[in-house]
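Data first, discussion second: the structure below is written as structure tokens.
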């Protein structure tokens, strides 16, 4: 097809200014930009200068083709800065490693966003020391690589750092790396028990969001009670903990975050055999530090620990909590009123339950928590119910005792239509303490 001037449409694209061509290529997937290099030397020059680079080894014919292409794009003789570099790859143990050089080249070209992901756990991929002094870096994600020790860190612009299943030479490296990022706001650290770091200290004056995960369960029962987490982050607004190994969680100089997601065990299985009194002190101090939280999500594992804790002393109060998402084991559900009593101003409650058997019993305290009398507006049972006696007793408990309830939502998991009909009839028989309550049934 020709234009009025007799120039082909393909030539019209080639006549575009350099900066516009570069912008067009930057908006294409990197693998598509690579293909344009065969059009001409000019197109090849532009395709190798795009600032957004994403390479996945699965899109190439093996690791060495992947490595050859990445080499070409990360040539340090090019003057263009790299806005983002993302590498996702795996290699066999005998394959030559180029990762250290690739990252070093990206640092030289003033990379701002770096994302390195390895799928294989064979061998170690070492990052270069130059990464520790990359003054242009804004976000960093490292997965399954090895971090060397350092003498100096300067990451003045780094705001987001995700460190997933990496290898560290000692506890101090990770602590110093985190504390050496003066504007860090978002931190995600995932470890397993082979990562060496047993005592994780997070110290940051700028941190707003913190996600910590430690998976010890996949390695079986690790007979070691020296695992510990210490958090000193006064500006923290979101905290997520997933940890089945650490015995102690210390929140030092932390103003209670607005939102927390807690799935921890406090190593309570071994503590029962050793010193549960000490664990009670750790649990008490931890949740007292969270007393100002507004939005809490809690796992069934943590709730089970708290149920055991409440045999000896009451929970701390959470006067500011307005939203609570809780996963309850059926055996702990009788403690629900006690939990709610600790949340006097709660407005929204979502419950995730185990499946009840038809004749399972549920005994709930006759005392009515303050939040049911004055503040609770929304309740949802997230797990589908089938009409078991214990399930219906729980539904009845909320409908008959919640004075300001606006909406009660439940899901049905019945196998037959007649079972659903029985549940609907029973719901209609329940007295509602709140005249304005809407019952929503999802089938």
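Just so it is clear, glycine is given a Cβ too, placed from its N, Cα and C backbone atoms.
Residues or ranges marked as domain 'F-box' by Swiss-Prot: 10-56.
Residues or ranges marked as domain 'FBD' by Swiss-Prot: 361-412.
Marked as repeat 'LRR 1' by Swiss-Prot: 139-165. Counting only same-chain residues 6+ beyond the ends of the repeat 'LRR 1' (139-165), those with a CB under 8 A from a CB of the stretch are 99, 112-121, 124-127, 129, 131-133, 173-174, 176-178, 180-192, 195.
Summarising the annotation, Swiss-Prot assigns repeat 'LRR 2' to 166-191. Across the repeat 'LRR 2' (166-191), the prediction's mean pLDDT works out to 94.
What Swiss-Prot lists as repeat 'LRR 3' is 219-243.
For the repeat 'LRR 4' (275-300), same-chain residues at least 6 beyond its ends with a Cβ under 8 Å from one of its own Cβ atoms are 247-251, 254-264, 266-268, 306, 309, 312-313, 315-329, 332, 352, 354. Summarising the annotation, Swiss-Prot assigns repeat 'LRR 4' to 275-300.
Among the features that Swiss-Prot reports, repeat 'LRR 5' is placed at 325-353. Packing against the repeat 'LRR 5' (325-353) from elsewhere in the chain are residues 296-300, 303-304, 306-307, 310, 314-319, 360, 362-365, 367-372, 374-383, 390-391, 394: each is 6 or more residues past its ends and has a CB under 8 Å from a CB in it.
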